[in-house]
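I have placed the structure first, in the form of structure tokens, so that the comments after it can refer back to it.
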Amino acid sequence: MSITSIVLGCAASYLLGSIPTGYIAGRVLKGVDLRKVGSRNPGTTNVFRSLGWGPAVAVFAVDMSKGLIPVLTFPGIFLSSEAGDPSLLLSYRIAFGTMAIMGHVWSFFLSFRGGKGVGTSFGVFMGLAPVATLFSLAVWVVLVVPTRIVSIGSLGAAVSFPFFLLLTEQGILEEKISLFLFGSLVTILVVYTHRSNIWRLLQGEEQSLKKKRGDDGVD
């Protein structure tokens, strides 16, 4: 195992995750800095409010890909000799997924500020545990459709995800435990990045998709 290869894979994952998709979309499509309009967060919901559905869907797709690509392809690129070992592959995928999420939340290109990690985390877990991830997506839909509040859906999906992992993942116990612990840590991170949303929810001040301005819930 080459430490250099692991470091390079982690660095590439972080830089890919750091690409500020929403910020770029705002600059290119409307000449605006999304950090200074709407919720002041360069995430999907603020893109939707500022630019519309089309750019929002595109931004979410790219943000998801920033998590999916490192998990699925980087072990084979940077660690080809070890990537065939199932006992090591999951560890590499988790490491690269972690760095991609960190890049999205603490973007190198935005002075270590970024989104809230939901879109990129979704991509990471679609690569690691697609069944549990789709169940969490269903929770997001069930919560957002009636409330029109994206942060409620994002928080509900994040909190439910570790439990769906326990219910759906099969295979080696150690791998299942690793996924559960990783999923739980990402859940904690998502709750942390949504702390301002949680405060507004408790105060009854969180705004919905029906309004033009409000804070972000999918980033």
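Note that Cβ sites are derived from N, Cα and C of the backbone, with glycine treated the same way.
Look at TrEMBL and you will find 6-26 (among others) tagged as transmembrane segment.
As annotated by TrEMBL, transmembrane segment applies to 47-69 (among others). Among residues of the same chain six or more beyond the transmembrane segment (47-69), those with a C-beta under 8 A of the stretch's C-beta atoms are 16-17, 19, 21-22, 25-26, 29-30, 32, 34, 37-39, 97, 100-101, 103-104, 115, 119-127, 209, 212-214, 218-219.
Same-chain residues lying 6 or more positions outside the transmembrane segment (89-110) and placing a CB less than 8 Å from one of its CB atoms are 6, 9-11, 13-20, 23, 35, 42, 63, 66-67, 70-72, 74-75, 79, 82-83, 116-117, 119-121, 123-125, 127-128, 175, 178-179, 182, 186, 189, 193, 219. Marked as transmembrane segment by TrEMBL: 89-110 (among others).
Here TrEMBL flags 122-143 (among others) as transmembrane segment.
Only residues 6 or more beyond the boundaries of the transmembrane segment (149-167), in the same chain, are considered here, and those with a CB under 8 A from a CB of the stretch are 45, 116, 118, 121, 125, 129, 131-133, 135-137, 139-143, 176, 179-180, 183-184, 186-187, 190-191, 194, 197-198, 201, 206-209, 215-218. Residues or ranges marked as transmembrane segment in TrEMBL: 149-167 (among others).
Positions annotated as transmembrane segment by TrEMBL: 179-195 (among others). Sequence-distant neighbours of the transmembrane segment (179-195) (same chain, 6+ residues past either end, Cβ-Cβ under 8 Å): 90, 94, 97-98, 101, 105, 115-118, 121, 124-125, 128-129, 132, 151, 154-155, 158-159, 161-162, 165-166, 169, 217, 219.
With a threshold of 8 Å between CB atoms, the same-chain residues lying at least 6 positions outside the transmembrane segment (6-26) that come near it are 32-35, 37, 42-44, 46-47, 50-51, 55, 58-59, 62-63, 66-67, 69-70, 74-75, 77-79, 92, 95-104, 106-110, 114-115, 120, 219.
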